[in-house]
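Taken verbatim from TrEMBL:
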BINDING   Gly170, Arg171, Ser172  NADP(+) binding site
DOMAIN    10-125  domain 'Tetrahydrofolate dehydrogenase/cyclohydrolase catalytic'
DOMAIN    144-281  domain 'Tetrahydrofolate dehydrogenase/cyclohydrolase NAD(P)-binding'
Amino acid sequence: MSATQTAQLMDGTGLAGRIVEEAAARAAQISQHTGTSPCLATVLVGEDPASVTYVRMKRARCAKAGIRSRHIALPAATTTAELIDTLAGLSDDPDVHGILLQHPCGPHIDERAAFEAIAPHKDVDGVTAHSFAAMSFGLPGFVSCTPGGIMRLLEAYDVDLTGRRAAVVGRSAILGKPVGMLLLARDATVTYCHSRTADLPDIIREADVVVAAVGRPRLIRGEDIKPGAVVIDAGYNRGNVGDVDFDAALTRARLITPVPGGVGPMTIAVLLAQTVDAAADQLGIEHH
Ligand code: NAP
């Protein structure tokens, strides 16, 4: 720890490890009771190297946790209608409990239409409108994995959100928007910021909790972090750089996620946990 560091690091790797262990134990129980292990279908359109790596990583984690995965690799020229057919087929297949459509799918695909072909009870990545509504209304359902992971991190570090000002920077359908909804559900006062936000530094200076979900290296300056704030950096930029100027933020924040090892590992952990939940539901096993 440097002389000026004040923040405690939020250990996503450690927490994710514990969540995956628990998911693995439940997956083993499910196979013992039903003779069927949880199965995640992964769908990839094209061969974008980053997407190939992400899917490989997710499948490897599944295998380690005793979750089967079935990979469907579609050619880059796949149309939206063909992709929807594939996803609808998986939605109807009783041997598949969860479905992950790796995105971005490519500019020629209507991604929203494709996501909506995933049956809500198999939407373990939390990408459908149904899941978003469930998150927003506080109804049972799957959460988007990265927002779900962020909330679990906040819980693990006993961050009291009631009445706190939270600034969410980024408003994507899978990250910024849902994490704002989950923070709101925990009684935070949420401000969404985006590329048209005029006074981002002013909003950050007031925030007790900052969630950075942009994809711009060090967009959030350390000097703008309110002393004692909780800083969650979901951003990932080349060279293991987050959206927050980590070194400077470290001297002002109370809690901060490192990049890597903060939010990243939590995303896959939530995916695995939700796949096991989906299998338990579909196979008629009681939740723990
Ligand atoms: P995205 O769809 O590209 O959305 C980025 C958001 O940032 C948009 O809402 C955009 O605003 C906003 N934005 C862009 N420039 C900005 C600026 N100068 N000031 C304020 N806001 C700005 O990205 P995403 O999929 O949400 O991902 C965001 C980041 O999280 C990326 O670095 C990604 O790699 C990372 N990520 C990490 C994980 C994980 O597992 N750790 C998972 C998913 C994503 P507009 O809406 O106005 O365009």
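Just so you know, glycine gets a Cβ as well, placed from its N, Cα and C.
Bear in mind that TrEMBL entries carry predicted annotations, made automatically and left uncurated.
Counting only same-chain residues six or more apart in sequence, the Cβ atoms lying under 8 angstroms from the Cβ of Gly170 (NADP(+) binding site) belong to Gly176, Cys193, His194, Val211, Ala212, Ala213, Val214, Gly215, Ala234. Taking every protein chain shown into account, Arg171, Ser172 are the binding-site residues, and of these the Cβ with the most other Cβ atoms within 10 Å belongs to Arg171. For the recorded site, Ser172 (NADP(+) binding site), the DSSP three-state label reads coil. Model confidence over the domain 'Tetrahydrofolate dehydrogenase/cyclohydrolase catalytic' (10-125) is summarised by a mean pLDDT of 98.
When DSSP labels each residue, the domain 'Tetrahydrofolate dehydrogenase/cyclohydrolase NAD(P)-binding' (144-281) comes out as 56 helix, 24 strand, 58 coil, counted as helix, strand and coil in that order.
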